[in-house]
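**Q** Feature annotation from Swiss-Prot assigns ATP binding site to PRO84, ALA85, GLY86, LEU87, GLY88, LEU89, GLY90, SER91, SER92, GLY93, ALA94.
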Amino acid sequence: MIVKAFSSSANLGAGYDILALAHDAFEDTIEIYAQNSSELDIKVEGNGVPLSIDKNSASFALLELLRSYDIKAKIRLKIIKGIPAGLGLGSSGASAAAAVYAANEIFKLNLSRQELVNFAMKGEIASSGSPHPDNVAASLVGGLVSVLNSNPVKVEQVPLNLEFQIILIIPFVRIEAKTKKAREMVPKQIDTSKYVTNARYLSSLLLGFIKGDRELVRLGLNDEIIEKAREPLFPHYPKIKEISLLYDAIGACVSGAGPTIAIFVDSKSDKNKILGESLNVCKAYGYECTYKIAKVSGGAWVERRD
């Protein structure tokens, strides 16, 4: 069986560990083959991916799911990475999402996509040391998802009534264990005033998407806490955001733990100016850089059944 899952951008300003948006910029492919066996055995294959089960988000999530249902099988798991890792695009989450979605289909577990999030998020332990559900939820469910509870996990898809595209500015800045490092930079204590400001941003963002109000979304795509604390990881961001707003983007934010910047644009935005000048900012910082123009995507899907 072949299953695919799309990339995603998490946080979206003030929605740290709450919001993530699935988009069609990139996709991961999982090929999974299962045979009857007296014991559970998983073999990982793929170029440029960890082959150890406990170091690979897809195999780690798959193992958690199969153990929970006491499934014994010989599994061959081939991972074809289309989503670049370490750039804030939900790479590890997409692989984990595709793996558990495939297992659910093969073993006819009849679990909902929401139920699968509980297992897919465990795969993030392999990549970042903590089981955060935002990216995996987006890749599994599709669209914009909000994490409403973490134990037990509850996620809901947020209605999107605004037409937009996402310009992803992708600098090739490689930081060892970046997601783990970025999570360690999150402040343990914050001023109440900053908390209130962020809560207002998050409310504005959600209302903007639901009501189709670009000005509310623009206000909501801000953050006074996490992005500020992590700014040393992506010094290019403030200038790119400034340029984006100058040329009437809906808004801009750091995609996940960065360094990718997500710029939300529509028919009012000067996309060419935004793109050209944003790429120039990356060059000024000495970064090799590329871009993608993406649309909101659906969740994981089966491409081929064997």
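Cβ from N, Cα, C; glycine included.
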**Q** Determine which residues of the same chain, besides PRO84, ALA85, GLY86, LEU87, GLY88, LEU89, GLY90, SER91, SER92, GLY93, ALA94, have their CB within 8 A of the center of the CB atoms at the recorded ATP site, and list them by sequence.
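**A** Sorted by sequence, the hits are SER7, ILE83, ASN135, GLY256.
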**Q** If H, G and I count as helix, E and B as strand, and all else as coil, what does DSSP give for PRO84 (ATP binding site)?
**A** coil
**Q** Quiz question: given the binding-site residues PRO84, GLY86, GLY88, which has the greatest number of C-beta atoms lying within 10 angstroms of its own C-beta?
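**A** That would be GLY88, with the most Cβ atoms nearby.
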**Q** If you draw a 10 Å sphere on the Cβ of ALA94 (ATP binding site), how many other Cβ atoms land inside?
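**A** Other Cβ atoms within 10 Å of ALA94 (ATP binding site): 34.
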**Q** If you draw a 10 Å sphere on the Cβ of SER92 (ATP binding site), how many other Cβ atoms land inside?
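**A** The answer is 28 other Cβ atoms.
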**Q** If you draw a 10 Å sphere around the Cβ of GLY90 (ATP binding site), how many other Cβ atoms fall inside it, taking every protein chain shown into account?
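**A** Counting Cβ neighbours of GLY90 (ATP binding site) within 10 Å gives 33.
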**Q** Tell me whether GLY90 (ATP binding site) sits in a helix, a strand or coil according to DSSP.
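**A** In the DSSP reduction, GLY90 (ATP binding site) maps to coil.
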